[in-house]
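Residues annotated as transmembrane segment in TrEMBL: 30-49, 109-127, 139-160, 166-194, 206-225, 231-254, 311-337, 357-378, 385-402, 414-439, 451-473, 485-505. According to TrEMBL, the domain 'Major facilitator superfamily (MFS) profile' annotation covers 38-508. What TrEMBL lists as region 'Disordered' is 515-538.
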């Protein structure tokens, strides 16, 4: 009885309420749809709460050569020509927000970004292990609510009239630490509910939450910017807190917690579990049987693996290092693309900050297509490393073409930007989702082990270090010219592809081995009727 009570305690209260109203349980597919939706919303909230700092930069530290009173897109007009006006420097000193509107304001804003990403990457390693040790639903809820609190506190500096740089730096550091709870947790939940079949395509579509979060965060932050920049932090902060409440109510982190067997366990037949069409008596019988068989392997009884043991899983280190350089490229575009667009002549004219913000979101649109395409191809080929490497190599000429011909016209810029986003974000999305989930359920792990969140944290935490360094290096290299920045990005893409060479060779060798019997089979034109041909077995 105590075991069943402990098992029931893991069922989210929102699902218990729906069960009591419906009088019956959901089917397996229904639960999967709910899991996809809730985790999608959860990580959309995470990314939305990261956008305010980029939206308010031009308000905290307005540039001398820009028109006063202009807000970034989406508040203002779209695709307008930049107007340069003469502005008195004394007047500028009364704009912005001290300490960000001084001579070193840009460097302070950059330092805040680096502090956030550094704490995020370091916190990822701890958060991944905790995610495999604690209840994922409660852990994710705690992280989202705390993230919202510190994002909101940053904005409260406007209302409390705080002009101390250390306050804003500390708020961003704590926000980064709690933001680290998100990614390993949601990937672990998806990996718990979905087997390896079509995992790449499912996660490729699901990974669109990154771009949806970036866009929705920009809209939320900008929609209240004219009421004071503090609201641009408070509103996204409230958004992620609301998402945390949703997670607490409806996220079942493990199939075992609601009476279903684990899909990653080869001895259990998940598809045989009851559906919504069964009679109530059959359901109750199967639920009782599931409770008796599953409770011992539910989330409360599994044990996590350590960081060192997770690092020893074949493929974890190479993919982590690959993501270091892949994410460096992706996050450099994320943080610097709007600035690059505003400083680059496109079609014979410069665009405003508003137009640059609008254009930069199209890079994310290309990234959505890239994530879905990379997942689909990797599922079809059953070759994650080959797919990721091919995309990274293709990103090199796409970035070169964008830098060389992106200034011809707005249309050319948009097309080349979306192509670059497709190839840059494709492998980044694939590695952080399907690859992490595959390695977290690797056959070398024991059946009662929990490594999904830990493996995801190792891979994405290493990648986040690159994400922190990329924008930092760009700040220095951009002073030498944007050609230098793009050379750095292309070299990093090349290194990312080379780091997976061993995995690529292993996948090629595996596929070559599978093809050999079929070639020898061609020589055997006659075979006994009772002996099936190898070609028929494929």
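Placement of Cβ uses the backbone N, Cα and C atoms for every residue, glycine included.
These numbers come from a predicted model, not from an experiment.
No contact links the transmembrane segment (485-505) to the transmembrane segment (30-49), because fewer than 3 Cβ pairs that are 6 or more residues apart lie under 8 A.
Note on the domain 'Major facilitator superfamily (MFS) profile' (38-508): mean pLDDT across this stretch is 79. For the transmembrane segment (30-49), the partner stretch with the most Cβ pairs below 8 Å, chosen from 109-127, 139-160, 166-194, 311-337, 451-473, is 166-194. Segment contact is absent for the transmembrane segment (451-473) and the transmembrane segment (206-225), given fewer than three CB pairs below 8 angstroms at sequence separation of 6 or more. Of the Cβ pairs linking the transmembrane segment (414-439) with the transmembrane segment (109-127) and spaced 6 or more residues apart, fewer than 3 are under 8 Å, so the two regions do not touch. In summary, the transmembrane segment (206-225) does not lie against the transmembrane segment (385-402): fewer than three C-beta pairs, each 6 or more positions apart in sequence, are under 8 Å. Within its own chain, the transmembrane segment (166-194) is flanked in space by residues 31-32, 35-36, 39, 42-43, 46, 49-50, 53, 111-112, 115-124, 126-128, 130-132, 136, 139-140, 142-144, 146-147, 150-151, 153-154, 157, 202-203, 206, 251, 253-255, 262-264, 432-433, 436-437, 440-441, 452-454, 456-457, 460-461, which lie at least six positions past its ends and keep a Cβ under 8 Å from the stretch. A Cβ distance under 8 Å defines the sequence-distant neighbours of the transmembrane segment (109-127), meaning residues of its chain 6+ beyond its ends; these are 50, 53, 57, 60-61, 100, 143, 168-169, 172-181, 183-185, 307, 331, 335, 453, 457-458, 460-465, 467-468, 471-472, 475.
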